[in-house]
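*Asks:* Got a structure for you, questions after.
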Amino acid sequence: MVKINFQIKKKKSNGPNFIGFDAVRVSVASPDQIKTWSYGEVKKPETINYRTFKPERDGLFCNRIFGPTKDWECHCGKYKYIKYKGTICDRCGVEVTESKVRRERFGHINLAVPVAHLWFLKKPPSRVGILLNMKISDLEKVIYYAKYIVMGDLKDRSGISFFARKGMLMGGEDFNLFKYGINNPIVKEEFKNIFDGIVCEEIKLDSNLTKALKQLKVLVKGQADSAGISTEEAAKKILENVKKGDIYYKVYFKPHSVYYYIDLDPSSHGEIKKILSEKFEKSSTVSITETDKKIRIEFFDIEKDKIYNDLRKDSFALKKYEGCLRIEILKNKIPFIENFSRSDSFVLLEESDINNIQNGFGDSLKVNIGAEAVRSLLEEINLDDEMKNIYAEIKKTKSDAERARLLRKLRVVEGFLNSQTRPEWMILTVLPVIPPDLRPLVALDGGRFATSDLNDLYRRIINRNNRLRHIEQLKAPIVMINNEKRLLQEAVDALIDNDSRMRPVTGAGNRILKSLSDTLKGKRGRFRQNLLGKRVDYSGRSVIVVGPNLRLNQCGIPKEMALELFKPFIVKELIKQENITLRSAKRMLERGDLKVWNILEKVTQSHPVLLNRAPTLHRLGIQAFEPVLVEGKSIQLHPLTCSAFNADFDGDQMAVHLPISLEAQLEARVLMMATRNILSPASGRPIAVPSQDMVLGNCYLTKEKYGVVGEGKVFSSVSEAISAYQAEKVDLQARIKVAGITSIRDKNLNNDDEQPDVTKWKNCKSEDDTEIINYTTVGRIIFNEQLPKNDDGSYALEYQNKSMTKKELVALVDRCYKELGQFKTTVLLDEIKRIGYKYATLAGISISIDEMKVPTEKEKMVREAKTKISEIEKQAKLGLITESERYNRIIDIWTRVTDEISDIMFDEMRKEETKAYKPGQNRFNSIFMMADSGSRGSRQQVRQLAGMRGLMAKPQKKLTGGIGEIIETPIISNFREGLTVLEYFISTHGGRKGLADTALKTAEAGYLTRRLVDVAHDVVVREEDCGTVNGVFIGTLRCGDEIIEKIDERVVGRTALDNVVDIVHDDLIIKRGELITPKKAEKLVEAGIDKIGIRSVLTCESGHGVCAKCYGVNPATGEQVEMGEAVGILAAQSIGEPGTQLTLRTFHIGGAASRVVQRSEVYAENNGTVNYYNLKTIQNKDGETIVLSRNAELVYTEYPVYRKQIYQIPYGAVIKIYDGQTVEIRVNPITGMKKDILIAKWDPHSKPIISEFDGTVNFVDVKDGVTLQREKSKITGQIERVIIEHSSDRRSPRIVVKKDDGSVVEYPLPVDTTLVVRDKDRVKSGDILAKIPQEISRTKDITGGLPRVAELFEGRRPRNVAVVSEIDGIVHLVGPTVKGNVKVEVENPETKMKKSYLVRAGRHLVVYEGDRVKEGEALSDGAINPHDILKVKGPKEVQEYLVNEIQQVYRLQGVSINDKHIEIIVRQMLSNVRITDSGDSHYLNGEIVSRYKYEIDRKAIKGKKGKAPIAHSILLGITKASLSSDSFISAASFQETTRILTEAAVSGQVDYLKGLKENVSIGRLIPAGTGLAAVDIDDNNKFYSREQNDAND
């Protein structure tokens, strides 16, 4: 790779330096700060004068405030031109400056009343609410002038706090008691003293007080009985006694209980004290010190449950004589009183209540309303004291909910302290007005104006503000003023966030106006529309056409477009050459002089342009080319770049961009040129490879044909053979021999006179036993002449003596790139393209309906299939197989028939090639050639043309692939024969499915890419080697028995973790820290090594980004990754791009179902030895050996090569070859064919439940209509007994086998199980009791795949989660619980540790009694929750699980993505930890912090010998991980913009600009690639890049 260093000298300027800073902070602005930004107050709602069209003074577009509308000219015209720069006009007050200041200058509005900022008030969690401990609903009542808030404690004359406590909100109904108490003239005087003493404070009463209060009730009743009076009068008498003793009587309420207590004034105990002490048992006494007065309180309690009725009666007396207290013990009336007892609650007062209270209390009740009240309360908060209090409360509290609330509050308080801001600034007193050019007013034709919505919203605010000032001066009624204040609050709300209001402000046509929040958030918001993606100058757009004559580094640009794009360069050159003025040069351009075209040729010669095709899904969506001027108006594109751009020539458009600066041109040429983009960044395989016509041409050129002119000729040299072809003596495809390429003399000739028999020219063996083709064709010679050659003229990649299909061409290009480098590959590609097109034209290949050969055997095969199916239907009717088995077997039969017909059809077509040529006949079958060469169409499509259309997919319901996902009636016809009406109707299902998927899933794939980019954009290669000793172990990847990916494919391009040694030969294959090349990977396979340790980004210890050693080779270049490579974005694009491609690919096959056919037997193909592991077996009555273990493994060791093959043997399989047995393959002496030997077989469609003992069957909880359903199969008509889901928790269907010795064995029956035996049947060991259907008819389709990928990347809990074992051990099934759940115990025999798990009723168990399980292994069916793997096995295992699961989805589609891309995303998902013990750190328990920060702090605390914090890894989904990014600019530009900015502002967050998005947003070079010349990360998170150092110089 080329390393580029730029040294740029910048001109010094006196303006603000937008580069020389290293962080951005956002915080809440103070009113003074807003005023310092402002250039004047906006006082009027006017915009521009309707006659002069000039801005109005003091209006929203005022020139005096915001600057002049014309450059260097004041409003009145007194001062014009630049010479008056900086002068302020004495007439109009406008400064003479440039008009662009109208984009920068703010104004402000002085609000007549404070107004709450909607973000801090309503964006959950409400910051104002958190600080004041208030509910958002209560806050809104105050802010929107519905209720008053009490600003100070209300004291009575004795200094005791009254009901009204500071911060309480008071409302009407609740305070009638005040009304009655004060305004009722009868009781006003009489009970004045009592009223003065009413107190309501929370006092914890002892539980033993019931006795005393019970006696108070007895006292009242006793007095009534002895005196023969009513209880009302008795209560009145007690009150009079209290009055005489001048003792205050107090009452305290709670929702369900009432406590009476007596407050005795020490100065006058009086008579009542004596009565009480005689009659009552004293329960407790409390002393309160208040204003140097000691008050003793003695408590008497009334039993709460029994007192209601009596007290209701008594309450009338109390109400009558104590009008100020409404003692109504009614449940619906009491709850409001609860508020009075809590010191942190708020009681609302309505207007009427305030007046009544103030009549009685004068000014001692301080209340307020609106944002002003809230601002006052916020002003009183002392943040330091508040913080101490919160810490103290956190230590005391035991409630998790309370702790969470306190932590939220602490975060807010800490934020204000750190950012040195005040909470009251969240309430606005000064409103900034944004610059007028950011909310323009544009004149349209016909005297109309188009205006930004913000102007309307500002106008409403100014109007209401001015009106409020006016009515306040008029001394209007308070109701009117409050209403106007509310309207002002609503107007400001609408400006800040119109969308989140209940009734948004609308404009003309009921359109919701766009507020400031709307201009920031969403796709059309400031972040995503203007900061992350900008429109650029020097660009054009046109339709693309193919440019077959272009070289790979060229593109054709229309002359007219080039003239416009290169205008400044042409003008510069004209001025230089012709020595003319700028105006003359422009005139020459417009005229189109001949000189202009000559200059255009010159300036475009060495100036690359960038071509881009939308959607740009990966970095190959923008590539650089050298422009070639072409006639017409279309851009010409090199055909080999089509696959990278995903372009075709059916009307696609592309954009052209012109790099202006020398640096940009250099980067375009060195890094982005199409010749440098031959490999795909996703897989490292070539992407610029021949396709379609080019493949067809090369395939035709290199094919051979019997019976053509010149067959069997022998030539002395290549040139002689070509001359003969040109003289038409030899055909292009004739088999010939050429000296230097093939052997000349045939081994079968006896003498020189004999003629060679060309039909015997077959492949023969050379001396070293390798296979060679002992003939060639002129076409192959011509093809090989285009290949790169060595200096001595020999072929650099040896002679390619074979038919060149697409697969062969890709392999050739790949090999050329790896062995000969980029330059020779580029030349090779252009040559392949040239001859491909040439010979595709000469071949004149086209499609003919006669070439669609329908196999003659088709009818017979279909007939046989139908016979087999009718046999299966009969078996199903007899109940021998289940409905599910019937369906699966039918699908299997049709799948096999379709494949067989397709094979026969292809063989028929292939035979045409081997027939001798006769003039007037076709040489080859064009359709076969297209499909076989890979130029157009697939086997599947050709099968549908001439074979049989096959099975179709239904519109999908189950993602897993359930029964009925494939329509079981296939389309037997093909397109050549034509479909019947029914078949056509069935096929429309599939066709529509494809189209619907395309539309819906493209958006989903695009969104996935966006989330991936957001989570990984800051992962950049920042150092050479992080020095870690950790890594991951990878080997051959298997899915069941099938090898998915071999070890050599997986480890190429990685760094070895340790030395890798061939133990047999004691050779060092790979050194520690060395890159693994393809050759070294081959040596690994030869040495039989199945697993090695490699460095991985998952274990990389780089603080920011990753290191080059852990990343390894860059797939896009095939070389070690360079410093500054943006590997995170590369990873996101590599995963997201195929997602979109796959989505678009479903409909090309027209919905024909391609099905995964399940393996159901294991055959030995070569001699070898059989070994089993974890095997437990039993013999059935037929003498067959049945497998009883769930995780049995068969290892087949072939000899003499000692190659091991591993197969999973499922429960219920029948074994034919036993452990340790040797297998020898016999060869049929007549046919010479090997006969494979069957080792084991099983039913792939259902899992049996097998009896392990002889005994009698008993059904438990198997009840007809409850847990058992007799289903009549719709197709077979046979009755099946199926276990169904049941509502009763207590039933758990199971089969119990009673052994002859009386002991019993239980077998749980999951839902959908089909019973095979009947109750009370006698069974033998090995007999099948029941069958569980297996849903295996999955169709290969990304529809199920994309949601699965998203689910894994989001770390979501799957819908049906499997129960996972947390320890290694042996399984014991304890049996069903009361609710029908199955209890599974896992016991470790070594440690004796035991764990129990409950498997929900109806879930399938995947383990059986006595099975051995490993930790993290599933006990029940369902998807494994990645969070469980993390908890049980740790980060490494969850990483491996996620990478493999995601890869599985893509592999099913045949998409190749390098593991390291997925690893990078998974690394980001695990880049946070949760604190479990804060130790001596500043962290709080439960807090989520970045792993890097945590490790730094941990080391620092350990270094100081402190107690280090403890944390555990957590898995965050990509969306959560993006939003928890350290950078608020990055997070805000992703999602939830307003919430992120609110949070950032309150906590005064600092963005250190480490990632890519934040630097793009503020317009700096990104810290990646050439923008990362020198990175220095110090402990303070400071971050310096080259450009900043330049700026500082």
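Using N, Cα and C of the backbone, Cβ positions are placed for all residues, glycine too.
So Swiss-Prot lists the following for this protein:
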- Cys74, Cys76, Cys89, Cys92: Zn(2+) 1 binding site (BINDING)
- Asp648, Asp650, Asp652: Mg(2+) binding site (BINDING)
- Cys1026, Cys1100, Cys1107, Cys1110: Zn(2+) 2 binding site (BINDING)
*Asks:* In Å, rounded, how far does the Cα of Cys1107 (Zn(2+) 2 binding site) sit from the Cα of Asp648 (Mg(2+) binding site)?
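*Replies:* So the Cα of Asp648 (Mg(2+) binding site) lies 39 Å away from that of Cys1107 (Zn(2+) 2 binding site).
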*Asks:* How big is the gap, in Å, between the Cα of Cys1110 (Zn(2+) 2 binding site) and that of Asp652 (Mg(2+) binding site), rounded to a whole number?
*Replies:* 40
*Asks:* Helix, strand or coil at Cys1107 (Zn(2+) 2 binding site), per DSSP?
*Replies:* strand
*Asks:* Taking the Cβ of Cys1107 (Zn(2+) 2 binding site) as the centre, how many other Cβ atoms fall within a 10 Å radius?
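*Replies:* Excluding its own Cβ, Cys1107 (Zn(2+) 2 binding site) sees 22 Cβ atoms within 10 Å.
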*Asks:* Compare the Cα of Asp652 (Mg(2+) binding site) against each of the binding-site residues Cys74, Cys76, Cys89, Cys1026, Cys1100 and report the nearest.
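*Replies:* Nearest listed residue in space: Cys1100.
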*Asks:* Determine, using Cα-Cα distances only, which of these binding-site residues is closest to Cys74 (Zn(2+) 1 binding site): Asp648, Cys1026, Cys1100.
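*Replies:* In terms of Cα distance, Cys74 (Zn(2+) 1 binding site) lies closest to Asp648.
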*Asks:* Between Cys89 (Zn(2+) 1 binding site) and Asp648 (Mg(2+) binding site), what is the CA-CA distance rounded to a whole number of Å?
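*Replies:* Roughly 62 Å, rounded to the nearest whole number.
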*Asks:* Could you list the residues of the same chain, at least six apart in sequence, whose Cβ is under 8 A from the Cβ of Cys1100 (Zn(2+) 2 binding site)?
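*Replies:* Those within reach of Cys1100 (Zn(2+) 2 binding site), by Cβ under 8 Å and sequence separation of 6 or more, are Cys1026, Thr1028, Val1106, Cys1107, Cys1110, Tyr1111, Arg1467.
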*Asks:* Applying a 10 Å Cβ distance cut-off over all chains shown, what neighbour count does Asp652 (Mg(2+) binding site) have?
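*Replies:* For Asp652 (Mg(2+) binding site), the count of other Cβ atoms within 10 Å is 17.
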*Asks:* Within 8 Å of the Cβ centre of Cys1026, Cys1100, Cys1107, Cys1110, which other residues of the chain have their Cβ, at the recorded Zn(2+) 2 site?
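*Replies:* Same chain, not in Cys1026, Cys1100, Cys1107, Cys1110, Cβ within 8 Å: Glu1023, Asp1025, Thr1028, Arg1095, Val1097, Thr1099, Glu1101, Ser1102, Val1106, Ala1108, Lys1109, Tyr1111.
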*Asks:* For the binding-site residues Cys74, Cys76, Cys89, Cys1026, Cys1110, which Cβ has the most other Cβ atoms within 10 Å, all shown protein chains included?
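*Replies:* Ranked by Cβ atoms within 10 Å, first place goes to Cys1110.
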*Asks:* If the Mg(2+) site is taken as the center of the Cβ atoms of Asp648, Asp650, Asp652, which further residues of that chain fall within 8 Å of it by their Cβ?
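*Replies:* In sequence order, the nearby non-listed residues are Ile544, Ala647, Phe649, Gly651.
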*Asks:* Centre the Cβ atoms of Cys74, Cys76, Cys89, Cys92, go out 8 Å, and tell me which other residues of that chain have a Cβ in range of the Zn(2+) 1 site.
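*Replies:* For the Zn(2+) 1 site the neighbour list reads Asn63, His75, Gly77, Lys78, Tyr79, Asp90, Arg91, Gly93, Val94.
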*Asks:* List the Cα distance (Å, whole number) between Cys76 (Zn(2+) 1 binding site) and Asp650 (Mg(2+) binding site).
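*Replies:* Roughly 59 Å, rounded to the nearest whole number.
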*Asks:* How big is the Cα-to-Cα gap, in Å, between Asp650 (Mg(2+) binding site) and Cys92 (Zn(2+) 1 binding site)?
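*Replies:* For Asp650 (Mg(2+) binding site) versus Cys92 (Zn(2+) 1 binding site), the Cα atoms are 61 Å apart.
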*Asks:* Cβ neighbours within 10 Å, counted over all protein chains: which one of the binding-site residues Asp648, Asp650 has the most?
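*Replies:* Of the binding-site residues Asp648, Asp650, the most buried by Cβ count within 10 Å is Asp648.
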*Asks:* CB neighbours of Cys92 (Zn(2+) 1 binding site) within 10 A?
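*Replies:* Looking across every protein chain shown, the total is 16.
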*Asks:* Taking just the CA atoms, what is the gap between Cys92 (Zn(2+) 1 binding site) and Asp648 (Mg(2+) binding site) in Å?
*Replies:* 62
